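All remarks here apply to the structure that follows.
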Amino acid sequence: KAPLSKSLLLVPSAISILLALLFQHYQKFFAYNLQAIKEDFQIWRLVCGRTICLDLKDTFCSSLLIYNFRIFERRYGSRKFSSFLLGAWMLSALFDLLLVEIAQYIFGITINSLPSGFLGPVFALFVPFYSSIPRVQVTQVLGHFSITNKTLVYILGLQLLTSGSYIWILALSGLVSGICYSSSILKVHQILCVPSWVAKIFSWTLEPIFSSAEPTNEVRVGMGATVDIQRQQRMELLDRQIMMSQVAQMRRQRQQQGGMINWNRLFPPLRHRHNANYQDHRPSEQDTPPPTEVSEEQVARLMEMGFSRGDALEALRASNNDLNVATNFLLQH
């Protein structure tokens, strides 16, 4: 479900390995030579030098980062993901030249070349990774240092940052370009985006090559559905699978305990309508509201999860026929 990420993972890595092992005399064509770009206007060097890594350590680290960042293509779709990479690539190329000129003007450092590779957009992906991916703690080291699901990605980024002398320029330009592209104020994403006809061409040509087959146990969605609808349906399917696993676990616990749901603790207003809270004022039969009509379809769905019909009816009536609330009540009690 991430053909663009897979292509960026396989094609540049394969070319980088071939250049390092078999075709070393062609490496000069993929060098990120700023002097040749500025003085001789060799724009092709800008494209080649900012696409293929000549250092295998950079290739390995960037490939692992692209593999971890494939979640954005699955979340946003291939076209939006490719638009982000294109915009970050173009902006980071501009910021590379600006930072080199600033370094020469302030510190007197003359930089004629920078590390090659698809590094600017990779560093730019850290911006949405930091802002939109939730941080989940996995464990703690020495009782003070938290290890989360994002720690490994940051370690890989730090390893890539320390692999070269001037790679900090690429990292800084990539982060700035990611912030600029993600900013809603600058509206860069509305200008630097992949046209729909280009996305269709690549979808017809490259997607069949790099896309993977869907799992056989996954419910297929309609071909006419949009990407957002398909993504929503897959999320709903995942939620149902998680809910079914929770139901199975709760049923095992209930069988081990040998007891039923404590409805007195779950719905005291329903079970104790005539308790001490109502001793002072007893409502008449005319004032008693009629019972809430329950959807038989929702009752059937709760019964499919393993609950009895009586429990399903009580939960739906108590939750005003809200299936999600009723399911949470049944799972938690």
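Using the three backbone atoms N, Cα and C, a Cβ is placed for every residue, glycine included.
Caution: TrEMBL annotation is automatic and unverified by curators.
According to TrEMBL, the features are:
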- 293-333: domain 'UBA' (DOMAIN)
- 274-296: region 'Disordered' (REGION)
- 6-23: transmembrane segment (TRANSMEM)
- 84-107: transmembrane segment (TRANSMEM)
- 113-131: transmembrane segment (TRANSMEM)
- 152-176: transmembrane segment (TRANSMEM)
For the transmembrane segment (6-23): best-contacting stretch of 84-107, 113-131, 152-176, by Cβ pairs under 8 Å: 113-131
Residues from the same chain, set at least six apart from the ends of the transmembrane segment (113-131), whose C-beta lies under 8 A from its own: 8, 12, 16, 30-35, 49-55, 58-59, 62, 65-66, 69, 72, 84-85, 88-89, 91-93, 96, 100, 150, 153, 157, 160, 163-164, 166-167, 169-171, 173-175, 177-179, 181-182
Residues of the parent chain within Cβ reach of the transmembrane segment (84-107), under 8 Å, 6 or more residues beyond its termini: 4, 8, 34, 38, 46, 50, 72, 76, 114, 118, 120-121, 123-125, 128, 169-170, 172-174, 176-178, 180-181, 188-189, 192-194
Secondary structure tally of the domain 'UBA' (293-333) (DSSP, helix then strand then coil): 29 helix, 0 strand, 12 coil
Same-chain residues near the transmembrane segment (152-176), Cβ under 8 Å, at least 6 residues beyond its ends: 55, 57-58, 61-62, 64-65, 68, 88, 91-93, 95-96, 98-100, 103, 111, 114-115, 119-124, 126-127, 129
Reported mean pLDDT - the domain 'UBA' (293-333): 77
